[in-house]
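Novice: In case it's useful when we look at the structure, here is the feature table from Swiss-Prot:
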ACT_SITE  LYS102  active site, schiff-base intermediate with DXP
BINDING   GLY163, ALA189, GLY190, ASN211, THR212  1-deoxy-D-xylulose 5-phosphate binding site
Amino acid sequence: MTDNNDTWTVAGRTFTSRLIVGTGKYKDFEQNAAAVEASGAEIVTVAVRRVNVSDPKAPMLTDYIDPKKITYLPNTAGCFTAEDAIRTLRLAREAGGWDLVKLEVLGEARTLYPNMIETIRATEVLAKEGFLPMVYCVDDPIAAKQLEDAGAVAVMPLGAPIGSGLGIQNKVTVRLIVEGAKVPVLVDAGVGTASEAAVAMELGCDGVLMNTAIAEAKDPIRMARAMKLAVQAGRDAYLAGRMPTRKYADPSSPLAGLI
């Protein structure tokens with residue numbers, strides 16, 4: 001059973017669930033809210049440019065997912081320059097008072113890989129303005145350290161391209177990021193199914209963020225529940241410490257004293 005005292009902290013805020021879920025691609029707000037509940041997530045990430053969180057004349061996500069119970073993490077999805085991302089998060093802070101934010105500055109529409117030069121520049125500006133940026137980045141330990149130095153409160157390397165469902169393509173570099181970071185590390189993007197979420201946690205990550213894997217499942221609510229259990233299982237496996245790998249067999253029962 002997962003230890004309820006096994007919490008994680010980002011920017012002075014402590015959480016029990018290590019699964020962060022998105023709010024895009026769902027059939028409607030009702031389904032989104034049900035998936036969040038099934039996942040056990042305490043944080044949801046919201047695309048400021050796409051999801052209504054401030055216009056009371058239109059359906060609002062906050063009517064379905066209570067911001068008093070769930071932490072909202074505004075993100076800059078769809079931004080391709082540092083200026084766009086900074087402006088978007090300034091608007092988010094004006095609308096809802098949010099300072100803990102998710103920064104992503106994309107390099108191109110085909111791969112949705114981050115533009116790290118623009119990302120680092122935006123991180124520096126946002127940190128100076130009092131934001132607490134959790135930052136989407138490439139799976140590169142050097143880039144992750146640069147982001148940390150620039151003021152990132154968490155680094156979020158991609159496992160694979162956003163929405164691809166390809167799973168974690170480079171376990172070695174993700175592990176290196178975990179080993180070198182002094183801030184939380186969360187895999188962001190690429191997870192497609194529960195086993196891949198477990199892998200992220202087994203690598204020592206502090207958490208996993210996902211959207212498409214749940215929203216595009218045939219049964220999003222069931223998948224949300226599966227992801228919750230997978231993240232817990234992966235974390236427990238990491239804390240337990242896996243057995244060493246061996247070249248040859250090692251019998252489970254002693255060979256001495258056989259009849």
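All positions are counted from 1 along the displayed chain.
Just so it is clear, glycine is given a Cβ too, placed from its N, Cα and C backbone atoms.
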Novice: Could you measure between GLY163 (1-deoxy-D-xylulose 5-phosphate binding site) and LYS102 (active site, schiff-base intermediate with DXP) for me? Cα positions, answer in whole angstrom.
Specialist: 17
Novice: Any idea what DSSP makes of THR212 (1-deoxy-D-xylulose 5-phosphate binding site), helix, strand or coil?
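Specialist: THR212 (1-deoxy-D-xylulose 5-phosphate binding site) sits in a helix per DSSP.
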Novice: Can you tell me the CA-to-CA distance separating GLY190 (1-deoxy-D-xylulose 5-phosphate binding site) and the residue listed as 'active site, schiff-base intermediate with DXP', as a whole number of Å?
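Specialist: Checking the Cα atoms of GLY190 (1-deoxy-D-xylulose 5-phosphate binding site) and the residue listed as 'active site, schiff-base intermediate with DXP' gives a distance of 17 Å.
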Novice: For the recorded 1-deoxy-D-xylulose 5-phosphate site, whose residues are GLY163, ALA189, GLY190, ASN211, THR212, find every other residue on that chain with a C-beta no more than 8 angstroms from the centre of their C-beta atoms, and list them by sequence position.
Specialist: ALA160, PRO161, ILE162, SER164, GLY165, VAL191, MET210, ALA213
Novice: These are the binding-site residues: GLY163, GLY190. Which one scores highest on other Cβ atoms within 10 Å?
Specialist: GLY190
Novice: Cβ-Cβ under 8 Å from THR212 (1-deoxy-D-xylulose 5-phosphate binding site), same chain, 6 or more residues apart: which ones?
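Specialist: Result: GLY22, LYS25, ILE162, GLY163, GLY165, GLY192.
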Novice: Ten-angstrom check, please: count other Cβ atoms within 10 Å of the Cβ of ASN211 (1-deoxy-D-xylulose 5-phosphate binding site), all chains counted.
Specialist: 25
Novice: Once the DSSP letters are reduced so that anything not helix or strand counts as coil, what is the residue listed as 'active site, schiff-base intermediate with DXP'?
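Specialist: Going by the DSSP assignment, the residue listed as 'active site, schiff-base intermediate with DXP' falls within a strand, counted as strand.
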Novice: Give the sequence-ordered list of residues that share a chain with ALA189 (1-deoxy-D-xylulose 5-phosphate binding site), lie 6 or more positions from it, and have CB atoms under 8 Å from its CB.
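Specialist: Spatial neighbours, sequence-distant, of ALA189 (1-deoxy-D-xylulose 5-phosphate binding site): LEU112, TYR136, LEU158, GLY159, ALA160, PRO161, ILE162, GLY163, SER164, LEU209, MET210.
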Novice: Tell me whether ALA189 (1-deoxy-D-xylulose 5-phosphate binding site) sits in a helix, a strand or coil according to DSSP.
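Specialist: Its secondary structure by DSSP: coil.
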